[in-house]
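Visitor: Can you keep this structure in mind? I'll have questions shortly.
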Amino acid sequence: MDGPHSDPGPSRSRRPRSLSLGSYINHPILVSACITTTDPHLPNVPTRDAVPAITRARVSGDLSACPPSTPTPSSRRSGTHTYGGIIHGIADVGFEAICLASLPRRQDILRCSTVHKLNICDERKIPETIASINKDVMDRIRRTFGRRPSSASEYEPLNGAEEATVLEGSAVLQGQHDPPFSWMEYNIFALLGVAMLWAWNMFLAAAPYFSSRFVGDAWIQANFQSAILTVSTVTNFGAMLILTNIQYSASYPFRINLALVMNVIIFSLLTASTVLGLGASPALYFVFILFTVAGASWAAALVQNGAFAFAASFGRPEYMQAIMAGQGVAGVLPPIAQVFTVLAFPPGESKQDAPSADEGQTSAFIYFFTAVVVSVVALLASVPLVRRHNHIIENRMVETMADSMHSIEEAERAARKHTSLWHLLKKLHWLAAGVALTFAATMFMPVFTAKIHSIKEGSGLLFQPAAFIPLGFFFWNLGDLSGRVATMMPFSLQHRPAALFGLAVLRLSILPLYLLCNIGGRGAVVSSDFFYLFVVQLLYGGTNGWLGSSFMMASGEWVDESEREAAGGFMGLCLVGGLSVGSFLSFTISDI
């Protein structure tokens, strides 16, 4: 649509997704931005060089929303100046823009003139301009304001400014359409968190069953736990590294769905393995387990990268916390299910610490089959979430890209800012290092927990290794879940990332407490199951949950809105990187 002073000449050539106020694609859009011009003499108006900054600091009726700032290198080269103001209006390619400006204590219609294809709004009030404005333009303005009213607190300012990139500063892409909180969406993200770590916690809690299958090979029986951890985390880290670097063409819903389908297949094979092939040699079964671990880890990378980035795209930190809480639930349910199945199907009397393969196959069958069910339920639940996401993206982009893009996904990719990992590391160094350290230290827990026995081992089924080891995992994961949920309380250190990192370092002092427990049934320095379960496991799990969730939730507050998806994937990469380092370090205590 042409402006009121259009020129059919070459200046009408289309330049899709250019960010200058007077150079948007020629579809009318709602503009909220600072004004860039070559005229340095616009009186009594503060300046700011970064166009997208105003979209995150919009204060209706306040011209001070664009505070002064130092010129950028590009502005020095071009000799341009940027003037602040709350500008709502219609802008077409290379043509004069008609602006509605909210001035202090009055609403004025201002005339906009063009200087080198960039628009400025004259300070003079020209009421008669109303009559000359194209009726279609005004109708679009009224419809726009009727659909999307603004408020003074709609945006929050960010410190610093960067040069504008493609669509980075458009008001329709940032903040203006951030969805309200929804408990349904929260619960779906929590379910994705459950599915995300179900495989991981299954391999940990099933340690007694695996041990019974490896009873004929002493080396495998002693080292299978560390081998599972290493294969899992290395595969997961490699996949996350690849996926994090593929940002522009990423379809995060597809990654989530693919991961869930892979989990259904892998867990079905594991379920079948508890009934078929029970006579397989320990070495052959060990290879089979490592292959399933690798496949489940690749699926975990897909769902981790997809879910964290997907949640970040909604612009609500509560959904990131929902994923973390869901992971905590995934840690609690498998071991408690293992405990109940052992109690419901007690093993026959044996002098061995671990049950035989035949004795553990029923509980393992139920355990693995529930993983199939969880993945199927999560796959079905993600369908309405994807539809909701597409609706949000459509609302954000329909004004700017409706005619130039063929699909919502294509429009979302075009608006997505490609951000290098180094750039994210510079912004999130304390948070990235903290989440990596937290989960690296956590990787020692599975090795200790699989070796610690009850001091009352002969007192009943609950105190035998087949039930007590999963019980140890349950208490750790109960603490982990409590810590993740605790991040919803008002107290938070997310605004102080250096302090969070310091707490992650301090957490390392808890590890030596495991050495005071009954490792391998050889006796305990502190002869108390209560000390092991309620002090060591709950404390170590609780600090993991609270710190890990705090690091992940804080990441969205320290990056630009257009970098949220990339930041979510990057923090997931750092988390998995910490797990990988910790898995290698866990070999140092495998013979303890």
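In case you wondered, yes, glycine gets a Cβ from its N, Cα and C as well.
Caution: TrEMBL annotation is automatic and unverified by curators.
TrEMBL lists these features:
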REGION    61-81  region 'Disordered'
COMPBIAS  72-81  compositional bias 'Low complexity'
TRANSMEM  188-210  transmembrane segment
TRANSMEM  222-244  transmembrane segment
TRANSMEM  256-278  transmembrane segment
TRANSMEM  284-310  transmembrane segment
TRANSMEM  322-345  transmembrane segment
TRANSMEM  365-386  transmembrane segment
TRANSMEM  428-449  transmembrane segment
TRANSMEM  461-478  transmembrane segment
TRANSMEM  498-515  transmembrane segment
TRANSMEM  530-554  transmembrane segment
TRANSMEM  566-589  transmembrane segment
Visitor: The transmembrane segment (284-310): which same-chain residues, six or more beyond its ends, come within Cβ distance under 8 Å?
Guide: 189, 192-193, 195-197, 199-200, 203, 210, 213-214, 217, 220, 224, 227-228, 231-233, 235-240, 243-244, 250, 252-256, 258-260, 262-263, 265-267, 269-270, 273, 277, 320, 323, 389, 552, 565-566, 568-569, 571-573, 575-576
Visitor: Cβ pairs under 8 Å with the transmembrane segment (566-589): which stretch of 188-210, 222-244, 256-278, 365-386, 530-554 has the most?
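Guide: Maximum Cβ contact count belongs to 222-244.
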Visitor: Using a Cβ cut-off under 8 Å, which residues of the same chain at least 6 positions beyond either end of the transmembrane segment (461-478) come close to it?
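Guide: Residues packing against the transmembrane segment (461-478) from afar: 201, 204-205, 207-208, 328, 331-332, 334-336, 338-339, 342-343, 346-347, 353-355, 360, 445-446, 449-450, 452-454, 529, 532-534, 537-538, 540-541.
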Visitor: Examine the transmembrane segment (428-449) against the transmembrane segment (222-244) and state whether at least 3 Cβ pairs sit under 8 A, considering only residue pairs 6 or more apart.
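Guide: Contact between the transmembrane segment (428-449) and the transmembrane segment (222-244): present.
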Visitor: For the transmembrane segment (322-345), could you work out the same-chain residues 6 or more beyond its ends whose Cβ comes under 8 Å from its Cβ atoms?
Guide: 186-187, 189-198, 200-202, 204-206, 307-308, 311, 362-363, 366-367, 370, 461-462, 464, 466-467, 470-474, 476-478, 480-485, 487, 545, 548-549, 552-553
